[in-house]
Amino acid sequence: MAATSGAVLNGLGSSFLCGGKRSQALLGASIGAKGSPSPAAGTRKLIVVAAAAPKKSWIPAVKGGGNFIDPEWLDGSLPGDYGFDPLGLGKDPAFLKWYREAELIHGRWAMAAVVGIFVGQAWSGIPWFEAGADPGAIAPFSFGSLLGTQLILMGWVESKRWVDFFNPQSQSVEWATPWSKTAQNFANATGEQGYPGGKFFDPLGLAGTIQNGVYVPDIDKLERLKLAEIKHARIAMLAMLIFYFEAGQGKTPLGALGL
């Protein structure tokens with residue numbers, strides 16, 4: 001009987017059943033307490049072990065599938081992580097961090113582009129893929145002007161972002177922001193890559209508040225907004241892909257909608 005009881009207690013103390021070192025420690029303390037006399041021998045202890053939240057899957061109805069359905073290198077910690085990495089691009093943690101940065105930046109540009117395409121055509125009546133060369137456009141530019149602007153301005157901004165990615169906070173200094181007297185406006189107020197926050201990047205206080213002149217991020221709001229942003233960003237990137245196919249056929253999004 002003693003051997004049987006010992007086997008049962010050892011089984012309850014396994015990581016498979018109690019779910020982690022912390023739970024094992026709590027359970028072991030409770031088991032040890034039962035074996036030693038105490039003044040409160042008549043009291044009972046109830047231990048509730050909280051199970052870890054299951055990882056979300058991009059195909060919820062399918063079980064198994066190995067790394068194609070549930071990649072072991074994706075732990076669900078990233079906003080919008082549903083285990084979709086069939087090519088294994090995120091196996092290397094350094095590449096995973098860079099791909100998330102690239103997805104976030106491309107998604108933000110796509111969201112801005114989708115709004116600009118709809119509003120621009122609704123305002124001027126000119127298809128978005130002809131707006132830069134149409135004489136009736138509000139601000140017509142030649143190809144050389146667009147290319148020069150892209151290389152100079154965007155190249156400068158992107159080079160600073162590239163440097164800051166590998167050396168965080170290196171660009172929030174006076175010499176890196178010559179037009180600003182306060183480099184703190186461009187500092188990362190949340191401490192998370194890609195989500196700087198602060199007075200300059202969150203002027204409406206959607207993910208934080210200003211307390212005594214200092215921006216204080218609200219972690220709960222920030223997490224909800226990060227998830228909402230990446231979902232909308234992915235939809236916008238898919239929309240832009242569709243817009244490109246439509247433009248190849250001479251069609252526009254508003255035209256496809258019959259507007």
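Using N, Cα and C of the backbone, Cβ positions are placed for all residues, glycine too.
Taken from TrEMBL, the feature chlorophyll a 1 binding site covers E103, H106, E229.
The Cβ of R108 (chlorophyll b binding site) has E229, A233 as same-chain neighbours under 8 Å, each 6 or more residues away in sequence. As annotated by TrEMBL, chlorophyll b binding site applies to R108.
Around R234 (chlorophyll a 5 binding site), the C-beta neighbours below 8 angstroms that are at least 6 residues distant in the chain are G80, E103, G107. As annotated by TrEMBL, chlorophyll a 5 binding site applies to R234.
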*Recorded chlorophyll a 1 binding residues, E103, H106, E229 - maximal Cα separation rounded to whole Å*: 12
*Who sits close to H106 (chlorophyll a 1 binding site): which same-chain residues at least 6 apart have their Cβ under 8 Å from its Cβ?*
A233, M237
